[in-house]
Amino acid sequence: MNLASPLAFTLKQSAVFHNRTVTACQCYISTLAVILKTTNAKPWVNEFESIELSCMIESISTTNPRIEWKKIKKGEPSYVYFEKEIAGDLEKRAKIREPATLVILNATRADTADYRCEVTAPNDQKSFDEVLISLTVRVKPVVPRCSVPKSVPVGKPAELHCLEDEGYPKSQYQWFRNKEEIPEDPKSSPKFFNSTYTLSGETGTVKFSAVRKEDAGEYYCRARNEAGFSECGPQMMEVYDINIAGIILGVVVVVTVLLCITVGIFCAYKRGYFTSQKQTGNNYKAPAKGDGVDYVRTEDEVWENKEMLFCIKASKSLRNLLESLAV
């Protein structure tokens with residue numbers, strides 16, 4: 001550091017000029033003042049590494065100035081160096097390098113803030129000066145949370161999502177299919193030229209308006225910032241054709257089964273499986289048909305025989321239909 005005096009004179013003798021000696025007298029007046037400067041007003045450091053916040057005293061005459069450091073976060077100042085001791089958030093994690101530089105030994109994300117170095121010199125005419133330093137602690141992204149649909153029908157929309165919220169500065173996102181980066185503009189790559197999607201590096205979202213068979217594959221996402229990057233594991237997305245014939249066949253099978261159940265219940269009811277008769281002496285029992293007697297059927301018996309015949313034919317038809325569907 002320099003000690004400035006209130007009045008100083010500098011004499012400078014020049015060379016002989018035209019056989020005459022020319023002597024110049026240069027005078028200047030210096031004011032007693034404490035003057036600070038820093039070599040880096042906006043330093044950055046990766047998390048868990050060390051960083052120096054330089055505070056250099058360019059000029060001072062006071063032999064024992066008061067040096068203080070304050071941390072300013074969200075507009076609120078707090079001491080981190082006071083009365084020659086590390087304090088507050090940096091206790092046991094920092095030290096002072098003479099005369100006034102603050103060294104943070106193990107920076108964390110919470111150390112991102114403004115720091116102010118203040119020097120008070122009572123014996124100087126300008127007895128106070130300060131420098132402001134903005135520190136950024138960069139944090140590597142953690143493994144992002146990725147969401148990839150397992151299977152999507154051809155022509156249907158689909159969305160892929162990627163997110164992590166630990167990295168600082170905020171992460172940017174990249175998506176990969178089968179280990180090849182997906183460009184933000186599909187028209188910029190021959191492999192993705194016919195794909196219809198939009199990709200946002202800010203939000204980590206890929207939106208397919210209509211997937212194609214070629215869009216099937218293993219997808220994974222990378223979250224990155226200035227401190228590094230992290231990736232999620234690959235996830236498979238399958239793309240399949242919609243089987244219209246299969247859907248129709250399924251509907252037919254369901255309807256057939258329901259019809260079989262309905263006919264079965266109807267026939268069982270007609271055969272008397274759902275009725276219980278009490279055996280009493282008043283119950284009427286139709287007389288047995290005598291040999292050689294021409295028996296005339298009643299109208300109810302005729303309808304009963306027709307219903308029975310219907311049940312038999314319906315059961316055979318439904319059985320044949322089920323067998324043909326199975327084939």
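Each Cβ is built from the backbone N, Cα and C atoms, and glycine gets one as well.
Note that the coordinates shown come from a computational prediction; the quantities given were computed from them, not determined experimentally.
According to TrEMBL, the protein carries these features:
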type	residues	note
DOMAIN	49-134	domain 'Ig-like'
DOMAIN	141-225	domain 'Ig-like'
TRANSMEM	244-269	transmembrane segment
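Per-residue confidence over the domain 'Ig-like' (49-134) averages 95 (mean pLDDT, predicted model). In terms of DSSP secondary structure, the domain 'Ig-like' (49-134) contains 6 helix, 48 strand, 32 coil.
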